[in-house]
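Q: This structure is in structure tokens; I'll ask about it shortly.
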Amino acid sequence: MANINLKEITLIVGVVTACYWNSLFCGFVFDDVSAILDNKDLHPSTPLKTLFQNDFWGTPMSEERSHKSYRPLTVLTFRLNYLLSELKPMSYHLLNMIFHAVVSVIFLKVCKLFLDNKSSVIASLLFAVHPIHTEAVTGVVGRAELLSSIFFLAAFLSYTRSKGPDNSIIWTPIALTVFLVAVATLCKEQGITVVGICCVYEVFIAQGYTLPLLCTTAGQFLRGKGSIPFSMLQTLVKLIVLMFSTLLLVVIRVQVIQSQLPVFTRFDNPAAVSPTPTRQLTFNYLLPVNAWLLLNPSELCCDWTMGTIPLIESLLDIRNLATFTFFCFLGMLGVFSIRYSGDSSKTVLMALCLMALPFIPASNLFFPVGFVVAERVLYVPSMGFCILVAHGWQKISTKSVFKKLSWICLSMVILTHSLKTFHRNWDWESEYTLFMSALKVNKNNAKLWNNVGHALENEKNFERALKYFLQATHVQPDDIGAHMNVGRTYKNLNRTKEAEESYMMAKSLMPQIIPGKKYAARIAPNHLNVYINLANLIRANESRLEEADQLYRQAISMRPDFKQAYISRGELLLKMNKPLKAKEAYLKALELDRNNADLWYNLAIVHIELKEPNEALKKNFNRALELNPKHKLALFNSAIVMQESGEVKLRPEARKRLLSYINEEPLDANGYFNLGMLAMDDKKDNEAEIWMKKAIKLQADFRSALFNLALLYSQTAKELKALPILEELLRYYPDHIKGLILKGDILMNQKKDILGAKKCFERILEMDPSNVQGKHNLCVVYFEEKDLLKAERCLLETLALAPHEEYIQRHLNIVRDKISSSSFIEPIFPTSKISSVEGKKIPTESVKEIRGESRQTQIVKTSDNKSQSKSNKQLGKNGDEETPHKTTKDIKEIEKKRVAALKRLEEIERILNGE
């Protein structure tokens, strides 16, 4: 076995770098979104064991909607990327490029088993630059192919060392081969096919058998005229070990998918659901299509599903000629490779094996796959193609007549392939560029029109997105997903009538209800979202809530394990004020997915509605944060529950969670505001001031932050600093009653501006004539103005509003005594005492605001059809409402203030009585 040298490695790595360096500037596109951005298995908070329970896309293998692609080792490398750079795509693309270089170098070593040094380097160069590999290398999810190929080739190289002197068996390389096959299979399923290549290598290369020799030996043995040679028995033992190991891996793999194949729609692979002979003719035609992509990769497309390749429905279809030609050529090469024993036939045989065997899982031979053509599955088969081309070039270049021409042609192929690969990488820069490049190749694929629409939709360009979605419905009128996309876009454009019509059209395309029929086997999971989307749309109308609930129940009846339907129904039931039923829906969803942080969060909201804050906090919010320590809504709202509980011991944890929240959401003023409220509760006035100012800096019109900052200044003897804050508050909210009361108090007591205070109290009564606090304070203003008769009338009106308030009656009696004695010379109410009459004037314990902005309950929505509908659920009370819970300490403080107010009232009464 020839070794590879440093020059060859440098050449290969340099060529790979030159072709793929621009891929470092591409983002996450197409399948990368599901496998990387939306895959929670990448997050450090997800237990490692979960990687071995979920499929490649992060869906539990036990779920019917799972793709059943089991590649935990590939996901593990994604997780390592995430650990190093989180979701920055450059590191992911860099590692892919490195893996491709490694594969190319190992492939060079494999080539030297069958080709001379020069041809081996050429084959490796052809492989390194082939444009068909851009999907596998530049698309991050193509790493499954890259990793699997590394262990695929390593397993084969290990097996080539299993033959010892005198044809003896060396078991260590065989054991290593089995291990590497298992690893390759855990990277991608096609890794297991290397066992077939090892078997072919053992029989036809290592032992040098040909088909005629095998037939002769078998015939003699069956006729009893001879025995099986010992070397052949040894070969048989090795083959049995390989086959048994393979069978064991297959059994384990079947157990992993729980003997279930993934559910695909007829749009994913139209031929798979077509009748005979359409299915067979089309499947066979796909073989020359794939071969042509290897031979002429000029028109590449990221998606070959739906109507990309029309079905072959007749034997008279001209495309059958391509199928016939392909099989003739393949047959001739096959006969040549297994009939003759020369080096050339061995090279051709191994090339054909590398082309054919790894392609079998994607060939629809044993089971239908979810695509028509996929360029990245040609990554390993292209190795055999490159060996075949290099071997052919070797044969031609040895003839002096064609030597120069062969070098020119080879150089042109490598150069053009390199340029094509480099240019093709730019198509993968973004989803929009990728799908637009695909539409240049194929305009009959509705999925491509949909995907361009999705790319524009992500940019909030709904008008343009709608055009592409509508075109998708024209290209494929029975595409349920396209009509759902149209409906969602109409909804985003606030055209609800058209949105409902589109959803109804999609719903009409769903299979009709058949009693006793199991729908899970016939309906793609994402298509059931039409019921969810339609229900989410119509439930905006309060009169149609029952109709929406019926849609959710219909979806559940079709798929009892449809988690999203339970989640959405639970949200609706909360809106219908049925928290107990909502709780049942969420608990059912939790039975299907107990590791969903959003579900635990939603259940916490239900317990809040049921007035069970302790249950919400201890069991649900905390569980959500165990599963996802960065769950923003759980961090925020659990902190609010702790704060509102009034338990001093919970305040440090509430503060910790709010600090984590602002770390995740640094631009949300609510986090800073609630930190300020916690600081006020802890009497940390300076800290509270800092947090409130930060909240106001982020949101200048933050009603609650403005008022509570002014209140803080008022409580800390900084009334004059409170005044400009109140002016700002009343500029945004001129009807803010408590702000007007506080402003009037400061104007009366600090600024001695009786007229300004009077305007504040009069403004309050314009908005709320029955406001006792404002009315009484206005009476005090009249008293200060020495208008006793007006003060008397005012107090009478106030007493009518609050007949049980004794202090109003006493003040009325005092005023009447003053009128009757006619001894009114100077102001009887000292302005410095006004704000404390009976504790009714700006009682600080009753004006603290506990919430600035309502928060949203995040409801998990199925993302297959990019449904983004969310529902609001307010936690806590609005900004001007009083604190709902008081601790014993708070109550004592309030009582102290009330007693102090009574003492001040006695002082006022003594002054009124002339004492």
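Every residue, even glycine, has its Cβ placed from backbone N, Cα and C.
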Q: Per Swiss-Prot, does Asn5 fall on the same side of the membrane as Gly646?
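A: Checking Swiss-Prot: the two residues are separated by the membrane.
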Q: How do the residues of the topological domain 'Cytoplasmic' (159-166) split into helix, strand and coil according to DSSP?
A: 3 helix, 1 strand, 4 coil
Q: Could you tell me what the rest of the chain brings near the topological domain 'Cytoplasmic' (398-404), counting residues at least six beyond its ends with Cβ under 8 Å?
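A: Apart from its flanks, the topological domain 'Cytoplasmic' (398-404) reaches none.
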Q: Are there residues at least 6 beyond the ends of the topological domain 'Cytoplasmic' (339-353) whose Cβ is under 8 Å from a Cβ of it, and what are they?
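A: Result: 113-115, 196-197, 200-201, 204-205, 208, 210-212, 330, 333, 384-385, 387-388, 391, 395.
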Q: Counting only residues 6+ away from its ends, which parts of the chain sit with a Cβ under 8 Å from the topological domain 'Cytoplasmic' (159-166)?
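A: Beyond its ends, the topological domain 'Cytoplasmic' (159-166) has Cβ neighbours at 1, 113, 173-174, 177, 198, 201-202, 206, 238.
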Q: How about long-range neighbours of the topological domain 'Cytoplasmic' (215-231): same chain, 6 or more residues beyond its ends, C-beta under 8 Å?
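A: The answer is 167, 207.
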Q: If we skip the immediate neighbours and take only residues 6+ beyond the ends of the topological domain 'Extracellular' (188-193), which ones have a Cβ under 8 Å from one of its Cβ atoms?
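A: Answer is 69-71, 74, 144-145, 147-148, 151-152, 155, 181, 246, 249-250, 253, 357-358, 360-362, 377, 380.
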